[in-house]
Amino acid sequence: MDVLGGDVQLEWENWPVASLVRTFNSDRLTTESGSAATAFMSGLFAPSHLAYQLENQDQPSLAEMTEAAIKVLSRNPKGFLLLVEGGRIDHGNHENRAQYALAETLELEKAVEKALSLVDQQETLLLVTADHSHSYGVVGYPTRNTSVLDVDNTAKGDDNKSYLISSYFNGPRGILDAPRSDPATEDRFASSYTAESLVRLNFSTHSAEDVPIYANGPYSELFHSSLDNTFIAHATMYSLCIGPYTNQSHCNEGNNGSQLRGLHLNNFYYLLFLSVILYTFIH
């Protein structure tokens with residue numbers, strides 16, 4: 001599939017669309033997308049995964065795609081729900097490349113900031129949560145202002161070798177029979193640097209500790225303390241007045257809760273796979 005203007009191998013004839021638009025300039029992403037039918041809209045910017053942001057030269061950023069989507073979907077008077085995934089943070093962690101993962105996390109932050117700048121926060125519920133964490137840890141007792149990508153500058157291991165502050169339990173470069181390397185002698189600040197791990201696997205694994213959920217806006221009080229993950233779905237349905245919560249008192253006609261417009265961003269935050277859900281209440 002040529003994403004730069006060649007034949008796109010998709011069954012367009014089966015899509016109920018009115019027109020197709022090819023956009024070659026990211027500055028025209030919103031305007032050209034908006035000129036096409038928006039009942040079903042698809043943006044194809046890579047034959048597979050998008051490039052890591054540190055390597056990205058010609059693909060729109062997560063924030064740019066978020067902005068384009070919000071501006072187009074905001075035209076719907078009945079509201080919308082938008083899912084934006086920044087899954088390359090997950091990929092960076094699976095490869096034990098902390099700098100890739102951290103850079104993608106910053107891209108998520110920019111996307112969230114852009115989303116919040118485009119919606120009425122008094123009428124928008126923003127949720128940030130995760131489906132898992134990673135076998136990654138920030139360890140040691142480094143001095144203040146030491147880069148998280150550096151080695152602990154206050155101690156070494158029993159083998160008299162340094163260890164990384166950003167460490168992975170398993171994944172590529174796991175220790176086998178040979179002595180471990182000393183990261184202090186390696187180019188550990190290179191964007192593509194792969195950190196050594198304790199157990200060798202092709203890809204590092206997820207981990208099972210609790211992950212955070214952050215909420216801002218209407219109904220944000222529903223999300224607090226320690227929650228079972230299934231509660232998030234029920235609280236979301238409650239705020240949307242759908243499913244078993246259709247006839248709740250806050251769903252009465254004239255109440256903002258009865259008409260909902262939503263935006264859902266699925267991403268990472270602090271090296272976790274996070275979702276960001278925005279629901280905008282309209283009168």
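Cβ atoms here come from the backbone N, Cα and C positions, even for glycine.
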Exercise. For the Zn(2+) site that TrEMBL lists with D90, H94, D131, H132, give the additional residue from the candidates H49, H206.
Key: H206
Quiz item: Which is it, of H94, H132, H206: the one of these binding-site residues whose Cβ has the most other Cβ atoms within 10 Å?
Solution: H94
Quiz item: Does DSSP put D90 (Zn(2+) binding site) in a helix, in a strand, or in coil?
Solution: helix
Self-check item: Sparsest Cβ surroundings (other CB atoms within 10 Å) among the binding-site residues E85, D90, D131
Solution: D131
Quiz item: Do you know offhand how many angstrom separate D131 (Zn(2+) binding site) and E85 (Mg(2+) binding site) by C-alpha?
Solution: 12
